[in-house]
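Undergrad: Okay, handing you the structure first.
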Amino acid sequence: MRRRVFLVTGIVLVALVLAVALVSLFWTPFPAADTTGGRLEGPGAHHLLGTDKLGRDLLTRLMIGARIAVAVGLGAVALGAVLGGLAGLLAGFANRWLDDTLAALLDILIAFPTLLLAMLVVAARGASLASAIVAIGLAMSAIVARLTRVLVKRVLAMDYVTAARTSGVSWPRIVTAHVLPNIWPTLAVNLALQFGLAVLAEASLSYLGLGPPPPNASWGRLLQEAQSTVLTAPTGAIAPGVLLVVLVVGVNLLADGLRDVADPTRRGHR
Amino acid sequence: MSLLTVSDLTVSSADGRTLVDGLSFSVGRGHRLGLIGESGSGKSLTTLAVAGLLPPGLRASGTVLLDGTSVLGAPERSLNRLRGRVAAVVFQEPSTALDPLMRLGHQVAEPLRRHQGLRGAALKAAVLASLEEVALPARVARAYPHEVSGGQRQRAAIAMALACRPALLIADEPTTALDVTVQAEVLALLDRLATAHEMALLFVSHDLAVVGKVTDEVVVLSAGRAVRTGPLRSVLADPGDAYTAALVASARRLDEALGGAL
């Protein structure tokens, strides 16, 4: 029951941010480049959350930031899942030599700090939304691959896979019927957690000025821009921070709840 | 010709230790053979070698002929034609022998679909018939493995193994994970099914009393070597070597404690 509450709360929080991101595609309170507001206005009737130091509406900027956060999260997870999943499956099935090589490679990749890797990618490709997605997705794929490899190996060691082999079931069929369904719950929960981490990583990159360049209003950039005026206009720093927390906590709760939905042994027992 | 002929089977690990040492035995059609030995005596490796499932790190030599086809070193493709149709395996631990995320009906259906080409209503009827054969109620088909008891899981695993009507059933400690009353039921079931389908049985156990319930011939393994081979009665009457004698004596003690007569 408690878990159900987690799941619902997670869904609500994530849906909230998704809705904001979607709405921002069609409508924002002010145009993105509108600088007609006063500088650093506090929350009010005209600008609900106030304005930044260039007179831009903060709510508008936050809504566009939601779009970027969601885009980077989904993009990085998609890239990480495909690349990492395939590499992990390969390593899981590989003979000892190939497996050892891949495992060592993955360990090196994981030991490499995400931000450093991201800086390399940004240096090579230039700062952009796509660079952020590629950088974070690459770092994530190493983690996903390592997890997938272990999960695949665990399933392959199970008697039901041996039993399937003894009754002559082909390898492709074993992968689709037994391996994928059995690794998917754990993998899905991990990918949901990775989504939250990707959003945070993008905020960090943007905070350092390596994310999507201005005038893109990533939450990390909003935090960085509000830093110098945090004492006189705290909303500018608090609002993006709160939104980051809402999305990341929401995704984590969702991930936790997902595990129970995906696993029949934990489903429907009180 | 025998259904299964194992001659001079030797399995050694990558670091050169000999795990199974020059083992030879054969199982004729409809015959039953018990493979007895303690943990680490090479029983399970022998069954894996017979089914062509040895882990990649191990080297095997000698010959294993299953229905006239050599198993050792054979490509996966030719093994696939043997597996299921000629030989099927029932494992020790029913909780890992069944996919936890697949309904039991689906798992039983899988070999039926593959080997008998059944689809739709015919497949459904065949699944129910298979379940009935191992004395499982029809509702089990809709259940996940964790929703039924250990004995029922093992019955489902047996139903899966039998689905392709194998000529040889390899049972690797099929009752060890079960409690004693359920053990007796599953043994009786195996006995009945083997008789009904004229199926040969290679029965592996560390428990002489259990083997005694289903087989008529035994091979006693110790440290990878066959120390005694022969009909069960003569092994009991005249154990011969020290290891077999100890095994028989302990089985007798247990039997006397339970008030039966071996």
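Note that Cβ sites are derived from N, Cα and C of the backbone, with glycine treated the same way.
TrEMBL does not curate its annotations; it predicts them automatically.
Here's the feature list from TrEMBL:
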- A:66-255: domain 'ABC transmembrane type-1' (DOMAIN)
- A:5-27: transmembrane segment (TRANSMEM)
- A:64-90: transmembrane segment (TRANSMEM)
- A:102-123: transmembrane segment (TRANSMEM)
- A:129-148: transmembrane segment (TRANSMEM)
- A:187-210: transmembrane segment (TRANSMEM)
- A:230-255: transmembrane segment (TRANSMEM)
Undergrad: Have the transmembrane segment (A:102-123) and the transmembrane segment (A:187-210) got at least three CB pairs under 8 Å, pairs 6 or more apart in sequence?
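TA: These two segments touch.
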Undergrad: Which of A:64-90, A:129-148, A:187-210, A:230-255 shares the most C-beta pairs under 8 angstroms with the transmembrane segment (A:5-27)?
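TA: By Cβ pairs under 8 Å, A:230-255 leads among A:64-90, A:129-148, A:187-210, A:230-255.
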Undergrad: Report the listed stretch (A:64-90, A:129-148, A:187-210) having the maximum count of Cβ pairs within less than 8 Å of the transmembrane segment (A:230-255).
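TA: Per the Cβ count, the answer is A:187-210.
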Undergrad: Excluding the flanking five residues on each side, which residues at least 6 beyond the ends of the transmembrane segment (A:64-90) place their CB within less than 8 Å of a CB in that stretch?
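TA: Counting only partners 6 or more residues beyond its ends, the transmembrane segment (A:64-90) has Cβ contacts under 8 Å with 17-18, 20-21, 24-25, 28, 32, 98, 102, 106, 129, 132-134, 136-138, 140-149, 151-152, 175, 179, 187, 191, 194-196, 198-199, 201-203, 211-212, 216-219, 221-222, 240, 243-244, 247, 251.
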